[in-house]
Every structure is written in C-alpha cells, then in structure tokens.
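To start, the structure itself, in structure tokens.
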Amino acid sequence: MAILESPESVSTTTLSAQDDSDLNHYVRRRPSAINAKAVSDSSLKTNSSVADSLINDSVNDRNQIGAGGGRVESANELRNGKDGGDKVGNGENREMNNSSKFAYRPSAPAHRRIKESPLSSDAIFKQSHAGLFNLCIVVLVALNSRLIIENLMKYGFLIRSGFWFSSRSLRDWPLLMCCLTLPIFPFAAFIVEKLVQQKYISEPVVVTLHILITTAAVLYPVFVILRCDSAVLSGVTLMLFACIVWLKLVSYAHTNYDMRALVKSLDKGEALSSSSNMDYSYNVSFKSLVYFMVAPTLCYQPSYPRTACVRKGWVVRQLIKLVIFTGLMGFIVEQYINPIVQNSQHPLKGNLLYAIERVLKLSIPNLYVWLCMFYCFFHLWLNILAELLRFGDREFYKDWWNAKTAEEYWRMWNMPVHKWMVRHIYFPCLQNGIPKGVAILIVFLVSAIFHELCIAVPCHIFKFWAFIGIMFQVPLVMVTNYLQDKFRNSMVGNMMFWCFFSILGQPMCLLLYYHDLMNRKVTEI
C-alpha cells in the first residue's frame, strides 16, 4: 500500500499486505493502488497547493524500498506519468488528495530522523553563517554611528585649517635636508663595489667600509632628530626612510658579496645547482642600484620581473584612493584618538579599571587608523610605485587577517621585510650552525631594535616600550602555536592575534609613549 512518508519526505512506498490491513482505517484505497501508477501533469493541477508542495519536497529524498519489495516512485514520475499515465482518471486524483491529507493528520509522525541543532558542535561548521555575518555588520555600523554622533556632540568638529600644513612645519627643515642627503650613502656603497670589482681593495676592507656606510646611514638621521625640536610625525617619517635605506644597503652589500663568492666558485670549476635558475654573472651597475633604491623591495638583485607597460588611468584611480584614505586616517586621529589620549592617564599608574576602559575605548579608532595605514602604504602606495616602475612582483602582503598564529601574521603582513629577514638574517644564521629557535629570536631582536628607533628617537624618549612590545611577540608565538596544535581550530589563534596585537598591544603602547612624551615636555618647561 502506498502512503506518504512524512511532511518532510513525501514518497509513495509499497507495503506488505499486513501493513495494508493495519493502516486500512486511515486511508481507503483501491486494490489496484498497490502498483501505484504515476500521476500526469494534468492531474496534478487539480490537486491542492499543499499536496503539490509535499511532492516538491520529495525530490530531495531517496527512493525507499517498502516491506513488500515494491519500487518507490519518484516525484518526477508522479508529475510526468509513466506507462500510459495520461489515462489516469479521477481515482488517482482522489488517491493523491487522500495521501496528502493523511500526511497532515494529527496522528502522522512528526519525528522520523536523527537531527542536530544548527548551533551544535557537530553541525555549526556545516552550514552558512551569512545571516550572522550581516548582523555583525549592521551592529558595527550602528555602534560606530552612535560613537560618531557622541563625539561630534561632545567635541565638535576638531579639524582645523592647519591640519595638512602649518607654519610650525617650517621648523622641520633640517629633517627635510637630512632626508634629501640620504642618497649619499648608496652612492658610497656603489663606489666601494666598483673598487672591489676592479680589485683595488680586498674583501676585509670591503666588509669594513660597508659596515661604516650602513651604520652612518642610521646614526646621521638619529643625530639630526635629537638635535632638533621637530614634530614627532616628521621624525618618524625620517627614521622610516633611514631604516629603509639601511635595509637596502645591507641587502646590496650582502648580495654582491655572495655573487662574488659564486663567481669564484665557478672559476674553480665547482658545480652549482641549476634548479635556482639565476644569473651568476657579477656586474656592478649604477643603473641597477638606482632602480633598486626606488623600487618597492628591500632585496637587491641585478634584474627584476617587469610588466609590459604603465596603466596611467589605474595609477590616477589609486592616487585618488590614497588621498581619500589618508584624509580619513588623519580625521580619525584628530577627531577621535587625540581627545581620548588627552583625557586619559598613564596606563601603569592610577586606577586599573579606568586604564582598561581607556585602552578599550582607544582600541577601535586605533584599529581603524592601523588598517587605513596598511591599505594606504602596502596596497595603494607600493602598487602605485610598482606600476610606475613596471615592477612585476607585487606580493607586498598575504592574507594576514586569516593568520592562525602570531608567527603566521609576521610572515604574511609585511612581505618586503619578511623576505629581507629570511634572506639576510634567518638563512645565514642557519647556514652558520645557529639553531632555528635562536635564529628566530635574532630576527625578532633586529625587528625590535628598529621599531624602537622609529618611535623612541622622534619622541626623544628611550623607555623601550616598542622594543618590549616586539620581543613580547616571541612568547606570544609559542602560545598561539601551542593553542593551534592543541585545538586544531583556526579561530582560537586568530582571535588571540587580534586581541593581543590590535585591541590591547597597540593602544597600550600609544598611551605609554604619549604620557611619557607629555611628562618630558612638562619637565623641560
């Protein structure tokens, strides 16, 4: 006997004679209904909308074999008919109506399968969460709209006419002159390489001269900044330029030193690996050095992959985006970050709960500024520079926002620095027998030193907050790696990264340096 299985799985199943007698009091069927013929499209049109929806649901269910061994007919067969279905009469229509009515009777079973709740641990990752993601976006927009209105009501519009440039900026002319004279050091490195190419000086002399040149390239801007009472932003900009020049000079000297060693190995007849597919010819070119100093990379090589042409329209669009996001970044700093910082106290002094509240309140605008800075520099500016120079390798960052551990983040968020660290510090350490863990520690130590220089020197404060913050990444790397290995869940490490690095770490460092800077100015007065 054919009946509908359930409201969720509607299919006709052939039952045994015993089952037929048991269910006789529910549905009155013709004897010929045991071999249930299909219903044509014309007969289905006469059924109720409820029966039609039940048949539609049956398409997703498997055909079942009844206790009597009969074959289950699919919904398509019920719609289209089979074996002369066009001759089916009103009896079959009544049969379908009776079956659909039986499926909705109070005595019809409502629970027939084992199912999990959508938010249970076994089912939560097997379905889409697009609706919850949309809810988070709506809540985020609502909360930020409230903060914008609250800020405008409390402080008004804080952007002034001297936001971009003022007469105070003229005091920073020594820093500008220092920045313009930084190309002297790459030129000196080129002269040294030319001398060694002509075999006028020996290798120990070359190494000594490069150490002196690279050291002077960093100490010279430090001396200028400490001697001048310049703006912090101007000092940070100059130190960033100086650090970039230092990194490029180290790569230039180290690469040329290695290429000379390769040439000597080839002259001795030593076989080198052909899998690297590189040109081993050693040639010191001033043109290649100039291109390297302005190219968006920190790793020197005689030639780079190049694109065919410059897309001028694309460059203009990226420049417009750069101006817009730079203005947005400045607006957030002036309108939100400055008032919060000025109305705060030293995070390591006074009320602990108040300090936590200030850090959390500062974390949101600080996160927005950091994301805008990343987008402006690593995406817009470096791509604009690469397009103008037809620089082909534009992997300036990877999907660091999906990092499961702190180690993954540091490998993905700043690819130019990562490649430099791997090429000129990490691998040389391993090649000299230094253990992997110690090599990683050395890499973080170098990074911490330069972070401290870029922040402490412009602020004229040497409290080593930036240094401590970067070195703190070492235990954070171990903790996030342990959690990743233990839980095998990318969400745990990713949430810890966002929490410690963006929500707590950066706002804390900002408050520490601001209050130390204000205390220094008070003591000077």
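From the backbone N, Cα and C atoms, a Cβ is placed for every residue, glycine too.
Features reported for this protein in TrEMBL:
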REGION    1-24  region 'Disordered'
COMPBIAS  8-18  compositional bias 'Polar residues'
REGION    61-111  region 'Disordered'
COMPBIAS  74-86  compositional bias 'Basic and acidic residues'
TRANSMEM  132-153  transmembrane segment
TRANSMEM  173-192  transmembrane segment
TRANSMEM  204-226  transmembrane segment
TRANSMEM  232-250  transmembrane segment
TRANSMEM  319-337  transmembrane segment
TRANSMEM  367-389  transmembrane segment
TRANSMEM  438-458  transmembrane segment
ACT_SITE  His451  active site
TRANSMEM  464-483  transmembrane segment
TRANSMEM  495-514  transmembrane segment
> For the transmembrane segment (464-483), what are the same-chain contacts with Cβ under 8 Å, counting residues 6+ beyond its ends?
Replying inline: 404-407, 410, 440-441, 444-445, 447-449, 451-452, 454-456, 492-493, 496-497, 500, 505, 509, 512-513, 516
>> With CB pairs under 8 Å as the measure, which of the listed stretches 173-192, 232-250, 367-389 comes out on top against the transmembrane segment (495-514)?
In response: 367-389
> Can you name the residues of this chain that are 6 or more positions from His451 (active site) yet have a C-beta less than 8 Å from its C-beta?
Replying inline: Ala466, Phe467, Gly469, Ile470
> Where among 173-192, 319-337, 438-458 do we find the most Cβ pairs under 8 Å to the transmembrane segment (132-153)?
Replying inline: 319-337
> When you scan the chain for residues with a C-beta under 8 Å from the transmembrane segment (438-458), skipping those not six or more beyond its ends, what do you find?
Replying inline: 218, 222, 225-226, 230, 232-236, 238-240, 243, 417, 421, 425-426, 429-430, 464-471, 473-474, 477, 513
> Going along the chain, which residues at least six beyond the ends of the transmembrane segment (173-192) come within the CB cut-off of under 8 Å?
Replying inline: 201, 206, 209-210, 213-214, 216-217, 220-221, 224-225, 227-228, 230, 234-235, 237-238, 241-242, 245, 248-249, 252-253, 284, 286, 289, 293
